[in-house]
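Colleague: The [2Fe-2S] cluster binding site annotation in TrEMBL covers C84, C89, C125, C129.
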Amino acid sequence: MSFFSDATLARFEREAAKYPAEQRQSAVMACLSIIQQEQGHVSQAAEVALAAVLGMAPIAVHEVTTFYNMYNQQPVGRYKLNVCTNLPCQLREGQTALDHVCKRLGVEPYGSTTDGVFTVQPSECLGACADAPVMLVNDREMLSFMREERLDELLAMCAAEAATATAKSGQ
Ligand code: FES
């Protein structure tokens, strides 16, 4: 039995079909995104199984997973907060922003809150250095000028959304 469902394998094949047959491994990033979308993170078992699907070495898949910090190698919280701590942001309160979020949530960098709502990670340059401090939420939403007040607003909003979702799922 395959590690992946038939529906997932079909999604992989749609990505692989975008490349010449002998270059199907070019679809590795898209396939990793599919795995993460469906499973929340990319496990080593998933990497090995994907390598077999694309006809490449497991270590080559692992190199991609570990190069880009959008791929989660462990389960993450409902909100994954990446705070840029690259040099230009460091010079404009990037580290202060990361420290503030960690302190507010009671976690270390790369840690998750025990309720599973937040994961906090430092990140490399997000390409908006003039807007420092900059952060990315769930690998999708870029937020600029995230000083303490705005960070507190964000954390409160996310916590409220998570509480509402939990209440709805318990109904
Ligand atoms: S250094 Fe933070 S966005 Fe570029």
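Every residue, even glycine, has its Cβ placed from backbone N, Cα and C.
Just tell me what is around each of these and how deep it sits.
Modeller: The secondary structure of C129 ([2Fe-2S] cluster binding site), as reduced to three states from DSSP, is helical.
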Colleague: Show, in sequence order, which residues other than C84, C89, C125, C129 on the same chain lie with their Cβ within 8 Å of the centre of the Cβ atoms of the [2Fe-2S] cluster site.
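Modeller: Same chain, not in C84, C89, C125, C129, Cβ within 8 Å: T85, N86, L87, P88, Q90, G94, E124, L126, G127, A128, A132, V134.
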Colleague: For C89 ([2Fe-2S] cluster binding site), which of the three DSSP-derived states applies: helix, strand, or coil?
Modeller: helix
Colleague: Around C125 ([2Fe-2S] cluster binding site), which residues of its chain at least 6 apart sit with Cβ under 8 Å of its Cβ?
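Modeller: Long-range Cβ contacts: C84, N86, P88, C89.
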